[in-house]
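Trainee: Got these off Swiss-Prot a minute ago, pasting:
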BINDING   K18, H167, K199, N297  1D-myo-inositol 1,3,4-trisphosphate binding site
BINDING   R106, K157, 188-199, S214, S232, S236  ATP binding site
DOMAIN    117-325  domain 'ATP-grasp'
BINDING   D281, D295  Mg(2+) 1 binding site
BINDING   D295, N297  Mg(2+) 2 binding site
MOD_RES   K340  N6-acetyllysine
MOD_RES   K383  N6-acetyllysine
MOD_RES   S396  phosphoserine
MOD_RES   K410  N6-acetyllysine
Amino acid sequence: MQTFLKGKRVGYWLSEKKIKKLNFQAFAELCRKRGMEVVQLNLSRPIEEQGPLDVIIHKLTDVILEADQNDSQSLELVHRFQEYIDAHPETIVLDPLPAIRTLLDRSKSYELIRKIEAYMEDDRICSPPFMELTSLCGDDTMRLLEKNGLTFPFICKTRVAHGTNSHEMAIVFNQEGLNAIQPPCVVQNFINHNAVLYKVFVVGESYTVVQRPSLKNFSAGTSDRESIFFNSHNVSKPESSSVLTELDKIEGVFERPSDEVIRELSRALRQALGVSLFGIDIIINNQTGQHAVIDINAFPGYEGVSEFFTDLLNHIATVLQGQSTAMAATGDVALLRHSKLLAEPAGGLVGERTCSASPGCCGSMMGQDAPWKAEADAGGTAKLPHQRLGCNAGVSPSFQQHCVASLATKASSQ
């Protein structure tokens with residue numbers, strides 16, 4: 001790996017807080033020891049002057065959100081960043097901006113999980129029913145909740161999945177509690193899970209599962225309890241001690257998540273969006289033992305992932321090797337877009353713990369049609385088959401193309 005990486009240039013843009021939290025300077029030093037040059041990008045200057053760049057690592061979530069609020073400075077920064085990417089298709093970007101926009105929107109990311117559920121066939125995974133509330137609760141709110149499969153209690157979250165406010169949530173137990181909900185927000189069925197959350201930190205083909213405290217069990221159905229407002233970040237800290245996480249007793253099923261399920265879930269998300277650095281929050285339904293994805297995060301904190309820098313360096317090597325192989329075979333720069341979107345070339349270097357791609361997974365899927373099909377109802381509206389989320393051998397390019405077209409592109413236009 002040292003010989004291959006020598007002379008490569010990696011640019012990064014992270015907030016100062018993120019740099020300190022990750023101790024990212026240690027990663028820069030690790031890269032330099034491999035003969036790579038690491039450049040901290042200044043987006044207030046033309047990126048062209050700071051290149052050439054083989055790889056860009058970024059967390060532009062704050063900037064993207066501010067740009068979406070029409071902040072002129074942030075709009076200029078995002079435009080400058082996108083302009084450089086468009087002019088340099090050979091540069092690997094971790095991760096694509098349209099995908100980040102999708103993950104910043106809980107409604108869109110939950111819809112993506114639901115689409116993956118419709119594509120895969122496995123009873124080990126369930127997608128909690130959800131819906132978006134765009135206006136204050138009125139007479140038809142309960143009807144809409146029932147139509148979308150929501151029952152009390154349910155959890156209410158901000159639509160935006162980033163920033164301090166994104167951790168502010170509420171558990172609603174009855175119709176009266178709906179009056180305190182401030183739209184726009186996303187409501188999601190609460191699933192009892194014996195107060196254990198599994199945070200899956202993904203770096204390309206590698207992932208690490210970290211166990212965290214979570215909300216205790218609550219009785220199913222409507223009750224006269226007052227709504228509970230809480231900060232999920234505080235509840236699920238490693239050292240968290242809260243009355244909300246104190247479990248009276250373990251009820252029903254209590255087991256760890258399946259490695260096979262996590263592998264297939266992370267692979268599906270990587271190939272649907274072209275992302276490499278993300279987190280998946282998973283709970284285990286204590287009645288069925290099924291895995292439920294309750295959140296997806298872009299470039300999380302990786303707390304508890306001791307090999308994060310090694311995994312990241314290995315992933316960069318994997319992607320660059322795949323790009324080099326594609327170029328040698330075709331000589332076509334346009335295909336670099338495809339290699340970056342997949343970001344899972346066969347035979348690459350992977351992290352020490354778990355590889356979530358089988359040998360040749362991407363090459364073997366080229367040219368296949370996705371088994372996932374959309375049904376149409378009488379009115380011509382596409383309707384998803386009612387299937388559990390599962391673990392097929394791989395996700396085909398046509399499924400990837402479908403998800404990117406219907407979600408990421410839509411997100412980038414907003």
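Quick reminder: no glycine exception, Cβ is built from N, Cα and C everywhere.
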Trainee: Expressed to the nearest Å, what is the distance separating N297 (1D-myo-inositol 1,3,4-trisphosphate binding site) and Y198 (ATP binding site) at their Cα atoms?
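Mentor: Distance between the two Cα atoms comes out at 13 Å.
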Trainee: Going along the chain, which residues six or more apart from H167 (1D-myo-inositol 1,3,4-trisphosphate binding site) have their CB under 8 A from its CB?
Mentor: N231, S232, H233, N234
Trainee: Just to verify a number: CA distance, K18 (1D-myo-inositol 1,3,4-trisphosphate binding site) to D281 (Mg(2+) 1 binding site), in angstrom, no decimals.
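Mentor: That separation, Cα to Cα, works out to 20 Å.
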Trainee: Taking Cα-Cα distance, which of the binding-site residues K199, D281, D295 are within 10 Å of R106 (ATP binding site)?
Mentor: D295
Trainee: Are there any residues in the same chain, six or more apart in sequence, whose C-beta is under 8 angstroms from the C-beta of D295 (Mg(2+) 1 binding site), and if so which?
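Mentor: Listed in sequence order: R106, S109, K157, A161, I280, D281.
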Trainee: Do you know offhand how many angstrom separate K199 (1D-myo-inositol 1,3,4-trisphosphate binding site) and N189 (ATP binding site) by C-alpha?
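Mentor: Pair distance, Cα basis, whole Å: 19 Å.
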Trainee: Could you tell me the mean pLDDT over the domain 'ATP-grasp' (117-325), as a whole number?
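Mentor: On average, pLDDT over the domain 'ATP-grasp' (117-325) sits at 92.
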Trainee: Let's check the environment of K199 (1D-myo-inositol 1,3,4-trisphosphate binding site): how many other CB atoms sit within 10 Å of its CB?
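Mentor: Result for K199 (1D-myo-inositol 1,3,4-trisphosphate binding site): 24 neighbouring Cβ atoms inside 10 Å.
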Trainee: Would you mind pulling the longest C-alpha to C-alpha span across K18, H167, K199, N297, which the record has binding 1D-myo-inositol 1,3,4-trisphosphate, in angstrom?
Mentor: 19
Trainee: Reduce the DSSP letter at K199 (1D-myo-inositol 1,3,4-trisphosphate binding site) to three states and note it down.
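Mentor: In the DSSP reduction, K199 (1D-myo-inositol 1,3,4-trisphosphate binding site) maps to strand.
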Trainee: Who sits close to A195 (ATP binding site): which same-chain residues at least 6 apart have their Cβ under 8 Å from its Cβ?
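Mentor: The answer is P213, S214, L215, K216, N217, T245, E246, L247.
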Trainee: Just how many other Cβ atoms lie inside 10 Å of the Cβ on N189 (ATP binding site)?
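Mentor: Taking all protein chains shown, N189 (ATP binding site) has 22 Cβ neighbours within 10 Å.
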Trainee: Using the structure shown, find which entry in K18, R106 (the binding-site residues) has the sparsest Cβ neighbourhood within 10 Å.
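Mentor: With the binding-site residues K18, R106, fewest surrounding Cβ atoms within 10 Å: K18.
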Trainee: Just to confirm: which same-chain residues, 6+ apart in sequence, have a Cβ under 8 Å from the Cβ of Y198 (ATP binding site)?
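Mentor: Long-range Cβ contacts: V209, V210, Q211, R212, R256, P257, D281, I282, I283, I284.
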